[in-house]
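*Asks:* As listed in TrEMBL for this protein:
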COMPBIAS  871-902  compositional bias 'Polar residues'
DOMAIN    426-683  domain 'G-protein coupled receptors family 3 profile'
REGION    846-902  region 'Disordered'
REGION    975-1000  region 'Disordered'
TRANSMEM  428-451  transmembrane segment
TRANSMEM  463-483  transmembrane segment
TRANSMEM  495-514  transmembrane segment
TRANSMEM  535-557  transmembrane segment
TRANSMEM  587-610  transmembrane segment
TRANSMEM  630-650  transmembrane segment
TRANSMEM  656-677  transmembrane segment
Amino acid sequence: MADPANIRSLDPALNNMIITSDIAIRLAQQHIQQQAYLSDVNLVFQRAYSSDFNGGMTSWATSELILNGTNAVIGDMTSNSTVFSAAMTGMFAIPQCSAGAVSLDLSNKSIYPYFFRSVPNVISYGSALMVWIQQMDWSMFALLYTDDQVGQQILSVMLNSSASYGITPMSQIQIHTLDHEEIQGALLTLSATGSRIVIVADSDPLNQVIILQQAQTLGMLEPGWVWMMSNDLSEVLAEVVPKQDLPLYNGLMFISGLWNITDAPDYNNLYQVFNQMPMPNGYIGGTSDWQINGLSYNAPNAYACAELLALGLNKRLNEYPGGRQAGLKALQSKTFNSTDMTPLFYNMNYSGPAGGMSFSPSGDLQSGHFGLNYMMNGLPVEYAQIHDGIYSPDPGASIVYLGSTTNKPSDLAESTLLNPTYREPQGIALLVVAGLGLFISLVTMILIFCYRHLTMIMVSSPIFLLMQLMGIALAYSSMILYMCNPTPSICIARQFFVLFGFILVTTSIIAKNYRIYRVFQNVFTLQASKLKSMYLLRFVLAIACTLVLPMVVWNGLYPVTPQRFMVTANTYCVICVYPTSNKSVDWVTYNIAEITTLLFCLVLVGISALLAWKTRRVSGKWSESQQVGYVSYTIALASICVIPAIFLPVDQYQAAIYLKLGALFFAATVTLVALFAPKLITIGKYMLTEQRWSWTRNLYKLHGDHDMGDGRLDSSSQLTNVYEFKYDNRDENHDALIARNLLDRDYHAYEGVLPVKKRGRFHFMSIWELKKVIVIPSNQVFVLVSPSGESYAHFYHYESCYPLQQNANGDRHIFCVNTLDRRQFFFQVFDQKALDRWVDWFNGPTRAGPGQPSIPSPPRSNSSPAKQGNKLPSTSTLGVFSTGDSSTGLTTNQTDSSNFSHTGNNAIGVEPRLYQLSPTATSHVNEIESQPRRHPRSSFLSAFTSGENPSQRYSAFSANTLSFYQPQLLQHRNDSNPISTFGINEEDEDRYSYSSLQPY
């Protein structure tokens, strides 16, 4: 141990500990001789001086002891010196016992294998403090610690043990240096946390006094505060603070190892001996203090170390190989084998002045005895004891807190809860809108289920609609849960409600969008067996299991706990804290399972947005694709808005929570309105119509007709309707059309409706679109017109046309057209016959390659063409028709040509697939009578004549065009699968064909 004279002025408490420990060891030596523990051994105690400030001096003193043949060592009183001496004694298998070193590092048996101590270590102190806080009915505390070994160890112990006691470490504030500015900044930070229970972790009493003096000047030792010190500071304060200022520290608390175990007879005997002894030289405190508190400086623990080492040596001699005499000879020759004398060797049911001594394999006491004191007028007053984790208040003792008051302070300054509640305007508003959204979702769910047979509902897959509504309802329910006081069950419910709601909405949207994408990616190959709703539900189930499984496992292993966090000095929040198995990582509000799930959700949002963009132009063919796109973009936007809330610190809790709730409400509401407002309107119309008309009205007509108008396709079931093209036949455009076409030449034009895809920079981002295609081979020009009724067209000059190689399945027939401005267009047809025909049309009669037939000129005759057979065309005809006799009407078996000419006063105009304009040909098309159609303006398709008979001008300007790209009526047997509208399920077979489709 150190020389007390060298540290007396610096640390009076350490000075008294060394002096009283020296006396206790001498008394133990006398007791050992009296009890004849080692009657055949001459026990010699040799004094060596270490240094608390010079590790080299301590190591030198220890080496001298080892060279002199020392068999056991007592010391040191401080951890800083003990780590040097214990490391050296451990190398030579020499047992060492300390009565004052409490460092957690000394428990490392790989470095200090023969070290044990008779005082509790840092872990015992931390556990005792948790028992004290729990007994005082406080739920949080603040830890102020210095940047040294003891401070760091107490911090680690208290953070790890606080969770088991249900106590929240409100803040941990470190003091790196003892500069005035450093301490003042730390204290101001402490005051801002709002915590009023402060624990100071430091091994130097002088450092603690400096911190207390600064806190006193800042008014932090006033009533309402509790300061718990890890050392008895009464003597140090009496030396440093003027006597008249000592009452300012009344109520200051400290914890220390319990020394006055009055229930132990050995303690009472030692106490009587100390009272009869005069005060030793160098003791600080006076005679009265010596008689009262002399044993408080770890003297009983030093006494226990001396007796334990003597009893252990006696035990080893009795168990020595070869007998006790062999052991005595080894002691005399300095070859004594003490390798078995580890800390567990000293578990001998010993009980002395410091109580019972039982050691763990790390050399720490398995039980601890602590005293809790407060200071009154410079003197410590004990009010409770802690024995082996059990709090025992002293009978009749009252507790005095800072400010000399007996009113127990609160663990937190008066503050406001930041969590949204139904008692505040913000919470009431959230509760109202969330409740309204939940009610509308449930009502809509009932209506969708009851009216699932309606066309608009049926083609949107009722099962997916119900899943989306269930997800929206869960999202609104989670918002309501945020108004409740957090409990473990509510924390888990919030988490899973949001997750399940997101999964149900997003995966169903992805499934439906994927179905749309697959259909319109190749409209001629429809394998509906892979697009049924039950098949897509497998995808939804797989995604749900993938996202939910990590959260289920994590919550099963590490239960969530609500904890209270101070945001400012007068505001706090209660958040759900998710623990982790890795104690070195503080996940706080997010854990690794949540982060993994969040990344998967972001991937789903990206897929949903990508599919929405890919299907953005099929709204005219599938009425819900546009709404699904809006919802996908909305969910993506809401997810982007939530990401900042994840990274906001706890002191920005209010901004983070309202950002989350706002994004959740925005996504749920937009999804509900965008997807279900049109359906609710349809259901409303149906209900009104049902009341107005007889219930015996034809069900199909009611479902099929009231949703269509203006030639647009409002649902997937209406893809079978005839395309209706509008043509401009106004008289004011007539003269201009004639003027632009006064050329004595022939024009050959071909027309059809095909899926077209324009190659973009990224090929996979291009989509197929239905376009009306008009090609004029002689001019190397083709025109793309939208069949949905737009009045504009796109003209392109092309230079080449060639078929592309078929895919592996051989179910796609595509040809490519390259334009002069370096653009590429892909056209898709139904079969190889149509592919060859269109390639020949683009290349023209004069441009046909080797082996490719030329297109012959159409016959020019005044008689009508021969009547064709009335055979249902294949979809490769793509809307092409031929003219025929008025008595037979139109024929639809093949692609044919019609003649455009003018003679006399007859003005003619038709819409054939092969146009030929000739001034010398005679006309036969006046015989064709049909419903009038308006023809689009064109610089190359017009009729011209001199007007001898103006009344008959353009009397036959238009003719019906039948589009066999899609049949007129489909009868499907699988109502749950809207894709079945593309073909007939023939006796529950998986493949669908066009052969069974019948036009009406």
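Just so it is clear, glycine is given a Cβ too, placed from its N, Cα and C backbone atoms.
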*Asks:* Restricting to the domain 'G-protein coupled receptors family 3 profile' (426-683), report the mean pLDDT as a whole number.
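*Replies:* On average, pLDDT over the domain 'G-protein coupled receptors family 3 profile' (426-683) sits at 80.
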*Asks:* Kindly say whether the transmembrane segment (428-451) and the transmembrane segment (630-650) touch, using the definition of 3 or more Cβ pairs under 8 Å where each pair is 6 or more positions apart.
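*Replies:* Contact between the transmembrane segment (428-451) and the transmembrane segment (630-650): absent.
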*Asks:* Residue list, the transmembrane segment (535-557) vs rest of chain: Cβ under 8 Å, 6 or more residues beyond ends.
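*Replies:* Same-chain residues near the transmembrane segment (535-557) but 6 or more away: 463-464, 467, 492, 495-496, 499-500, 503-504, 507-508, 510-512, 514-515, 529, 578, 581, 591-594, 596-597, 600-601, 604.
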*Asks:* Same chain, outside the transmembrane segment (630-650) by at least 6, Cβ under 8 Å from its Cβ: which residues?
*Replies:* 502, 505-506, 509, 513, 565, 567, 573, 575, 588-590, 598, 601-602, 605-606, 608-609, 611-612, 656-657, 659-660, 662-664, 666-667, 670-671, 674-675
